[in-house]
Amino acid sequence: MNRLAVEIPGLSLKNPIMPASGCFGFGQEYSKYYDLNELGAIMAKAVTPEPRLGNPTPRVAETASGMLNAIGLQNPGLEHVLAHELPFLEQFETPIIANVAGATEDDYVQVCARIGESKAVKAIELNISCPNVKHGGIAFGTDPEVAHRLTKAVKNVATVPVYVKLSPNVADIVSIAQAIEAAGADGLTMINTLLGMRIDLKTRKPIIANGTGGLSGPAIKPVAIRMIHQVRAVSNIPIIGMGGVQTVDDVLEFLIAGADAVAVGTMNFTDPFICPKLISELPKRMDELGISSLQELKKERANQ
């Protein structure tokens, strides 16, 4: 028996470790460093119906224990991804989770209806932190009713399981999670980045051209752990946890808090080998802590 194996809707993971969307592209660059078959899954870069150039530069800034980014969902568009990016990933056994973004509900529906055409795509990750241009630019994921409606619309057309990525920039993440689960989501991924800003002391202006950016990295891990713990208390659907993962102990902390699998984001930029390192270190650390399997952690959680 594979003690690291995880079974969640659409995904048979050989281990619980995967790179997070936006930190791994479509895998081609990282495939030069190691065999992508080592990974539990791959969360691919966000896809929108049409190509997007993204935000003006500068759009990345370092912070203490993290980084800010405002890339603006730069991507080559659905047709290009289906024709050129996903075929490369089809050579690997590793399941692909396609991240889908949009400016309108129709954008999401359009991409989700077709992204499953690739045999590599086993699940969708719905990025609901995008601004809804038809409703004043408020992010889809900040209103329970809007999040419920979008999830339901996507579930009606998707051919693979749908995981919804939760934004931490809300007053009550539990109510958002409950609305999404009620709409039929197969799982949740959490958390997305926290909204932040840095100021250039010489120009007296924000360093990032867009003004604000998403804060990621070790600084946000305690927030992610807290939110996963809160959501797990009211939700039974799978959670893929993320937010500041650096070490194998971080991985186990996320799993104990309530996650079923863990995604690694910002650390891929610091160490491109981080995912395979964590995968290789996990069994030894489990032995040291007396954990026989990941299923054991799940049972412990249920009894808390």
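Cβ coordinates are placed from backbone N, Cα and C, and glycine is handled just like the others.
Owing to the predicted nature of the structure, the values given are computational and were not obtained by experimental measurement.
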_Additional site residue, N127, N268 [criterion: listed by Swiss-Prot with K45, N69, A70, I71, G72, L73, N192, T193 for substrate]_ = N127
*C-alpha spacing of A46 (FMN binding site) relative to T193 (substrate binding site), in angstrom*: 14
*Given C130 (active site, nucleophile) and I191 (FMN binding site), what distance in Å do their CA atoms have, once rounded to a whole number?*
14
*If one looks at the chain holding S21 (FMN binding site), which residues at least 6 apart in sequence have a CB under 8 angstroms from its CB?*
M43, A44, K45, A46, I97, N99, E125, N127, K165, A263
*Could you round the CA separation between G72 (substrate binding site) and G265 (FMN binding site) to a whole angstrom and send it over?*
17
*asked:* Please report the distance from the Cα of G265 (FMN binding site) to the Cα of A70 (substrate binding site), rounded to the nearest angstrom.
replied: 15
_Residue pair G243 (FMN binding site), A70 (substrate binding site) - Cα distance, angstrom, rounded_ = 17
